[in-house]
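Q: Feature annotation from Swiss-Prot assigns active site, proton donor to GLU56. According to Swiss-Prot, the feature substrate binding site maps to SER28, ARG82, TYR126, TRP128. Under the heading Zn(2+) binding site, Swiss-Prot lists CYS54, CYS88, CYS91. Sequence annotations record features per position, and here Swiss-Prot assigns domain 'CMP/dCMP-type deaminase' to 1-129 based on sequence analysis.
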Amino acid sequence: MPLSQEESTLIERATATINSIPISEDYSVASAALSSDGRIFTGVNVYHFTGGPCAELVVLGTAAAAAAGNLTCIVAIGNENRGILSPCGRCRQVLLDLHPGIKAIVKDSDGQPTAVGIRELLPSGYVWEG
């Protein structure tokens, strides 16, 4: 299914974000997310040998700080023309927990961008029963 204009805009914004910073091992992925009220939030990962947040998690924090509410779609773009990157397992779990209705833009089997529900990417996510 073709991307909507809003979804295509997310790819453009994340690409512009990662291309706006110098090539670096410390900041190699940008993410953009769309809120239900139409705002777009961007961010980049912060690599450090002790660990660090992925770009998607940085965007979640930025959106939360702006009282964005529900996020409806998210994408990650790698530097050096790597294009769309699928969320890692940790990000999939966090997205499922915090925004269970969110879609992530990933590449389909033909390498084309497509937006899929987070539950499709993580059908058997961890459920804490505390």
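For all residues, glycine too, the Cβ spot is worked out from N, Cα and C.
I'd like to know what surrounds each of these features in this structure.
A: If you take the C-beta of GLU56 (active site, proton donor) and look for same-chain residues 6 or more apart in sequence within under 8 angstroms, you find SER31, ALA33, ILE74, ALA76, PRO87, CYS91, VAL94, LEU95.
In this structure, SER28 (substrate binding site) belongs to neither helix nor strand by DSSP; it is coil.
CYS88 (Zn(2+) binding site) falls within neither a helix nor a strand when secondary structure is assigned with DSSP, and so counts as coil. If you take the C-beta of CYS88 (Zn(2+) binding site) and look for same-chain residues 6 or more apart in sequence within under 8 angstroms, you find CYS54.
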Q: For TYR126 (substrate binding site), write down the residues of its own chain that are at least 6 apart in sequence and whose Cβ falls under 8 Å from its Cβ; none is a fine answer.
A: GLN93
Q: Relative to the Cβ position of ARG82 (substrate binding site), how many further Cβ atoms are located within 10 Å?
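A: Its Cβ has 12 other Cβ atoms within 10 Å.
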Q: Within 10 Å of the Cβ of CYS91 (Zn(2+) binding site), how many other Cβ atoms can you find? Include all protein chains, please.
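A: Within a 10 Å radius of the Cβ of CYS91 (Zn(2+) binding site) lie 24 other Cβ atoms.
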